[in-house]
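Some features that TrEMBL has for this protein:
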type	residues	note
TRANSMEM	6-25	transmembrane segment
DOMAIN	7-404	domain 'Major facilitator superfamily (MFS) profile'
TRANSMEM	46-71	transmembrane segment
TRANSMEM	83-116	transmembrane segment
TRANSMEM	137-156	transmembrane segment
TRANSMEM	162-183	transmembrane segment
TRANSMEM	215-238	transmembrane segment
TRANSMEM	250-268	transmembrane segment
TRANSMEM	280-299	transmembrane segment
TRANSMEM	305-327	transmembrane segment
TRANSMEM	339-358	transmembrane segment
TRANSMEM	370-391	transmembrane segment
Amino acid sequence: APDGGWGWAVLFGCFVITGFSYAFPKAVSVFFKELMREFGIGYSDTAWISSILLAMLYGTGPLCSVCVNRFGCRPVMLTGGLLASLGMVAASFCRSVIQLYLTTGVITGLGLALNFQPSLIMLNRYFNKRRPMANGLAAAGSPVFLCALSPLGQLLQDRYGWRGGFLILGGLLLNCCVCAALMRPLRAPGPAPGPAPQQPPRRLLDLSVFRDRGFVIYAVAASIMVLGLFVPPVFVVSYAKDLGVPDGQAAFLLTVLGFIDIFARPTAGFITGLEKVRPYSVYLFSFSMFFNGFTDLTGSTAGDYGGLVVFCIFFGISYGMVGALQFEVLMAIVGTQKFSSAIGLVLLLEAVAVLIGPPSGGKLLDATHVYQYVFVLAGAEVLASSLVLVLGNFFCIRKRPEAAVEEEERRKPPADVRVDSREVEHFLKAEPERNGEVVHTPETSV
């Protein structure tokens, strides 16, 4: 990994694609009222558009892994950019909500998925020493684009209607193709003399990652975490309105959360990249999950607007830490070779949790009409995920970070180092009594 150079262009492309992938499903919700009026449907029917978008983004992970392992990152991303744009352009001509599900949900969602996962794979190939910082900077694209796309969508709707807005957003998604063109494949420094070593056959989807206890623990913890991670941002605005807060001030809570998130992600990536902190990245990720769950529990006690603002500040910090560390920790667990398959399988498991989490919170709210219970449930789920990760890593893997580093060093092939023969002779003959023992023969010393 060059850890720089063209890697900064790859980082910029990953920043843009991450922003589109995570912010677009939320930004589309700006058009929901117009869609409800146009097609005579309810909010639950229009909400399925965002749900299908997220389901495609997460649930097609294994498909993206197979495509990347077969064709490479750049062709897959170019195809994804065209699909994402085509879906939104086609949606501007839709005459029913079912057609919107197919175009905006399935086609655009698949296109974003084919961009998101390969961009992370390329980022982790171009960065090694600076990988935590690179992941943090790329993850910052999500809150930045959320703060930009939501007001842009509202502006487009006011001027051109929802059809014109969808058409223009489809054109903006063509920038994913530009980002795909930046993903230049890495090449080996140069062929070694002699016959080339035989390469093992490449698997389209490496299921051997399930034999890695670290990956299994991570996958279980991440799936539990996603159950409650996205619930508070969905309900915090309604929670504020239930307390009698005006609509404008209630919507400002998400702006506060997103603004804090913008700075939290790069900061978390920079701290994780420090030499003394990086071996403990798994435990830092577990702490960020614990911090997020604890914030949900304390946020349930907020009784006024000021308390919700404080909650959004701390939730933005913890949410940014989780977003910056989740893929860095997965990369540290499975390594570069298996990362493309591992991230696809993890996203597939998280897709199930994404579809269960917010609806379960909504059902609890419908049954109790108490927002505090929703925040307590979300906090308990995220806290449970942090305990699964830290206890599983500590007791099941039984490998301290220092031991892992030492084992990795032992597994490295010996470097071809040239040693001056005179230095060897001097060591063997002139200093035979070092370390308190006499070396009688060169063979013994060697």
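Note: Cβ is positioned from N, Cα and C throughout, glycine not excepted.
TrEMBL labels come from automatic prediction, so no person has curated them.
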Stretch in 137-156, 215-238, 280-299 most in contact with the transmembrane segment (339-358), if contact is a CB pair under 8 A: 215-238
Mean predicted confidence [pLDDT] for the domain 'Major facilitator superfamily (MFS) profile' (7-404): 85
Interface present between the transmembrane segment (370-391) and the transmembrane segment (305-327) (three or more C-beta pairs under 8 A): no
